[in-house]
Amino acid sequence: MSNATDPQMGDDDYDLNFTGMPPTDEDYSPCRLETQSLNKYVVIVTYALVFLLSLLGNSLVMLVILYRRVGRSVTDVYLLNLAMADLLFALTLPIWAASKVNGWIFGTFLCKVVSLLKEVNFYSGILLLACISVDRYLAIVHATRTLIQKRHSVKFVCLSCWGLSVILSLPFFLFRQAYHPNNSTPVCYEVLGNDTAKWRMVLRILPHTFGFTLPLLIMLFCYGFTLHTLFKAHIGQKHRAMRVIFAVVLIFLLCWLPYNLVLLADTLMRTHLIKESCERRNDIGRALDATEILGFLHSCLNPIIYAFIGQNFRHGFLKILATHGLVSKEFLARHHVTSYTSSSVNVSSNL
């Protein structure tokens, strides 16, 4: 997702570019942003916290899944790739945080590489969430093992998600460069010549469609039918499974839908499809800062939603601790018995 707040300005008197669109002589207007400094430091602290939490949580998820070589499920393969996507996404946050202080000082090459890495892992994460919803839909609604549920096919699906993510992200790698507007600090920005605003609209609409809207519709469709099936079926602990599924969709919506809506409003304003004013630019700039924080938070919430709630993850983590003598094997055995008697049909245990 094109991060409209990546190119942050310094402590200049005027806000030239806080929504990521360097001003031109035609559309420049001296809009002041009263909360610039406050927003800057709030975002830096948030990036640091998300980076640390995501690094810890997703590393643990990868450790547990890779440690469990026998009995690794289809969902585990998706979760492993999702953890990799979130972890790689989080690794770009320190660089973006540093750019909040003095602008983009890292040059064009790093601008391209870090932007590509950030975009690829954002989109791969969302596409993998959609794949998990399809996997749960097939397992619960159709209760059958289709080709997509075979391990080699799942690996192909994951590779396809990464490949599509690279394709969606290529424009940012090709067109982004270090850019130094007049009377302002340098930014990492897509430079497309005289038609920059028009092409930026295209660069936003295509990823919005294929990297957000379509995966979201797939998730809503699959989880909708999955919940309907669980309501009709007489399955033990089905309410627990429903809580996990609700968390999947609701957390995703809470984290990314607000940012995408505000980003759409910013694009419409910058292309003059809605009226532009200093007040509106300030409002959208503050909204982008706030909603971007929610979106970035999603990368460290995934381990909680998809792993820490699940019985299998907790048992796998305790098994690693027991192997290294950090917990007793008796405690591990008691936990395994409790997990087995309280879990339902793979619906919630995998999640």
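Cβ atoms are placed via backbone N, Cα and C, with glycine included.
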Candidates C111, C131, C255 - disulfide partner of C188 as recorded in Swiss-Prot | C111
Checking Swiss-Prot: are V42 and L321 on the same side of the membrane?
-> no
Taking every residue in the topological domain 'Cytoplasmic' (134-154), what is their average pLDDT?
-> 72
Taking only the Cα atoms, work out how far N182 (N-linked glycosylation site) lies from C188 (disulfide bond), in Å, as a whole number.
-> 15
By a simple count, how many Cβ atoms lie within 10 Å of the Cβ of C111 (disulfide bond), its own Cβ left out?
-> 25
Starting from the Cβ of C188 (disulfide bond), draw a 10 Å sphere and report how many other Cβ atoms land inside it.
-> 28
